[in-house]
Amino acid sequence: MGARRWLVSGVGYRLEESLEYRTLVPEALSIWRMAGANRMLFDCFDVDSKAARRSVAILSSCLRIECWGRDVVLRALNSNGRALLAPLSEDCPAQVTCLRDGDTLHWRFPQEESHADEWRRLHGLSSLEALRRVLGTLGDAEGPVLLGGLFSFDLAEQFEPLPAPAEPARHCPDYLFLVPELLLDIDHLARRTSLQAFVHDPAGHDRLAASLRQCADEFHGAVEEASESPVAGVRAGNYQVDLDDASFARQVERLQAHVRAGDVFQIVPSRSFSMPCADPWRAYRQLCLRNPSPYRFFLDAGDFCLFGASPESALKYDAESREVELYPIAGTRPRGRDARGAIDAELDNRLEAELRLDAKEIAEHMMLVDLARNDLARVCRSGTRQVRDMLKVDRYSHVMHLVSRVAGELHGELDALHAYRACLNMGTLVGAPKVRAMQLLRQYEDGYRGSYGGAIGILDSAGNLDTSIVIRSAEVREGIARVRAGAGVVLDSDPRLEAEETRNKALAVLTAVAAAERERGERDAHHAVG
């Protein structure tokens with residue numbers, strides 16, 4: 001069928017093809033295989049049934065939005081993106097310094113009022129306003145337009161008084177979002193597939209219409225998602241770690257002194273594992289096979305790739321119901337396996353019982369449930385907060401977790417970005433009280449965390465937000481994958497076990513990277529023989 005054409009407010013239109021519902025990976029489309037930077041995949045699955053909920057693939061982008069402190073840079077990636085810069089220049093907030101330089105629009109936001117009360121600070125002008133302005137410019141009466149991207153852990157220092165880390169080098173922006181040019185959106189619950197092209201520069205119509213037709217033809221002709229298997233017999237043995245077990249255990253002991261002194265009740269230190277990764281996409285596919293999780297994501301930003309399979313949502317907001325939700329995870333045990341590495345059901349159940357009866361784990365989890373309730377109290381209507389699925393156990397490839405779900409109705413004057421600002425960073429990656437815990441983490445961890453512990457997901461012009469915490473993930477730069485993992489520390493934590501927990505959490509990703517490297521080596525050897 002021919003593409004339907006929908007108007008987009010003031011800045012062009014979109015072309016849309018409704019396709020037969022298929023469970024297809026973007027790799028089946030040549031534009032994904034051939035594309036370079038500025039593309040993203042975000043998959044959501046049901047925790048219990050493992051059934052897919054939604055898959056969004058930004059196949060190509062026209063505008064890239066980066067935030068570094070008070071500076072937001074909107075960079076046009078082609079003529080289609082350039083057509084957006086003029087209306088965005090006109091929509092620049094009055095208190096913001098705006099500079100247009102060719103394909104780049106630079107907005108500098110004023111310093112936040114540090115002495116304002118909490119409600120005024122929440123409503124104050126911040127760099128997050130740039131995302132609202134972009135979505136407002138793209139607003140579509142015929143259906144929401146979305147952005148896909150990343151909030152880093154270090155975005156928090158724009159809103160809270162955090163010390164500078166010992167290592168001042170920064171590699172990851174406070175946030176990075178992409179405005180899609182070509183988008184594949186699969187609603188698995190409604191069994192509906194849509195392929196969309198957004199035309200902001202009329203001169204680019206023919207190019208985008210042709211790309212849309214090509215993708216639609218490929219989509220119809222491609223085979224369904226192949227039943228791949230994880231590479232067998234792989235162990236992640238050649239990784240390096242920035243803190244060895246003994247050093248990490250000593251760090252845990254120093255942080256326990258702060259717990260003892262009453263500075264914090266809980267804190268979540270982390271360490272970084274690294275190993276070579278020549279093919280991030282292949283490593284991502286291996287991770288999904290080995291560690292099927294509710295959120296799976298792949299972001300190619302050009303200067304780095306980020307991929308992961310995360311068990312934990314960051315913040316979800318449904319604009320229609322106005323429900324905002326957090327999903328704290330705290331309390332971990334390894335999966336029960338026999339000598340061959342297969343799941344031993346009896347041992348697995350014993351480990352679950354041990355987890356459910358562990359007073360330290362229960363106390364740690366309830367502390368973070370209370371923190372989530374307190375975070376939502378800042379932005380929700382009074383009397384609407386509730387805790388669901390209290391102390392449920394979710395199982396993943398290498399570990400099992402205690403989880404709960406905390407929800408409430410967002411205050412009528414606030415939106416999803418207000419809610420995210422109030423709740424960042426998620427307590428399960430920080431500790432409690434949150435600000436003091438973040439300050440101590442800056443003091444004891446060497447550098448910026450970057451993507452780890454932040455959030456990745458989609459935000460649309462209707463106001464919806466769906467994000468995953470960036471954990472069980474790898475940030476790949478210059479052929480090296482860095483996998484960060486943390487552990488919740490309380491007064492009676494065993495430092496040795498906390499070091500072991502970080503390793504267990506990192507192993508799913510490290511093993512996937514090792515499997516991808518072996519797969520690549522075997523493929524190269526086969527081609528050499530051929």
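Our numbering is plain: 1 for the first residue shown, then up by one each step along the chain.
Every residue, even glycine, has its Cβ placed from backbone N, Cα and C.
Feature annotation from Swiss-Prot assigns substrate binding site to Gly331, Thr332, Tyr452, Arg472, Gly486, Ala487, Gly488. The annotation Mg(2+) binding site is assigned in Swiss-Prot to Glu364, Glu501.
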Per DSSP, three-state class assigned to Arg472 (substrate binding site): coil
Coarse DSSP state, helix versus strand versus coil, of Gly488 (substrate binding site): coil
In the chain carrying Ala487 (substrate binding site), residues 6 or more apart in sequence that have Cβ under 8 angstroms from it: Val252, Val268, Pro269, Ser270, Thr332, Ser493, Glu498, Ala499, Glu501, Thr502, Lys505
Cβ neighbour count (within 10 Å, all chains shown) around Gly486 (substrate binding site): 25
Max pairwise CA distance, angstrom, over record-listed substrate binders Gly331, Thr332, Tyr452, Arg472, Gly486, Ala487, Gly488: 19
Sparsest-packed of the listed binding-site residues (Gly331, Gly488) - C-beta count within 10 angstroms: Gly331
For Thr332 (substrate binding site), the three-state class that DSSP assigns: strand
Other CB atoms, at most 10 A from the CB of Tyr452 (substrate binding site): 26
Glu364 (Mg(2+) binding site) versus Gly486 (substrate binding site) - Cα distance in angstrom: 14
Fewest other C-beta atoms within 10 angstroms, as judged across Glu364, Glu501, which are the binding-site residues: Glu501
